[in-house]
Amino acid sequence: MSLFNTENTWAFVFGLLGNLISFAVFLSPVPTFYRIWKKKTTEGFQSIPYVVALFSATLWLYYATQKKDVFLLVTINAFGCFIETIYISMFLAYAPKPARMLTVKMLLLMNFGGFCAILLLCQFLVKGATRAKIIGGICVGFSVCVFAAPLSIIRTVIKTRSVEYMPFSLSLTLTISAVIWLLYGLALKDIYVAFPNVLGFALGALQMILYVVYKYCKTSPHLGEKEVEAAKLPEVSLDMLKLGTVSSPEPISVVRQANKCTCGNDRRAEIEDGQTPKHGKQSSSAAAT
């Protein structure tokens, strides 16, 4: 009995620490949304991370309702659902119409359609411990997909030998969070809570190791300038997509200026070759007037 009480005590300690760290992670976008509220525009930010976070918190909250003695798992995911709903509501209020429509489609497809399908199937087709196992398996699968997202960043760091796109503080926080929730899952002997955090800890530790290795490196000595830019292409493309709805006039004006310069060079080349420049009569009449 003493061993059982000790395990519950450790589960409470790790669960409480996990709640505190996860609260901080959930609140980290507050400055971003304060700026959105103040400027009344989303400035090209995307809603995908918040829609995914809401779906993840909803799944884990549903899993927690099927288990006993996991109150701290309920509290953090209930808070996650609450705060992510606020973020998404603010995004919908200030986003341009295309981004707003995309967000609504994702919410209907993933958060409403996907979750309702899981809820109905699990409630009517399976019962008892089997239901908790199936929901836990779904949560693990989704969490593994979310944890695998930083792999593209890790690839970029290795290829460019630059940690520009991998903040150390965020990697450290997420690694500590994964360790705490891993210990919480082990204390509860819950493989569905523990397993995805093993992967989260491994990826977080790898990111910190890469940060130490490449901290003072800017670019790879084995990569040319074009290859470095190619390695950064996903981030650059994302930035271009985000800025496309806000600053489209600038690229257009640049293209026009480039066309003017090209036309000017063509005219000079024609004059040097002794050919009559195109639009010569129009230019003369304009000069005469």
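Positions of Cβ are set from backbone N, Cα and C atoms, glycine also.
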**Asked** Taking the topological domains recorded in Swiss-Prot, do Lys40 and Cys217 share a side of the membrane?
**Response** yes
**Message:** Would you say the transmembrane segment (168-188) and the transmembrane segment (134-154) are in contact under the rule of three or more C-beta pairs closer than 8 Å, pairs 6 or more apart in sequence?
**Reply:** no
**Prompt:** How does the topological domain 'Cytoplasmic' (31-43) divide up by DSSP, counting helix, then strand, then coil residues?
**Reply:** 9 helix, 0 strand, 4 coil
**Asked** Hey, which of 44-64, 71-91, 168-188, 193-213 has the most Cβ-Cβ pairs under 8 Å against the transmembrane segment (106-126)?
**Response** 44-64
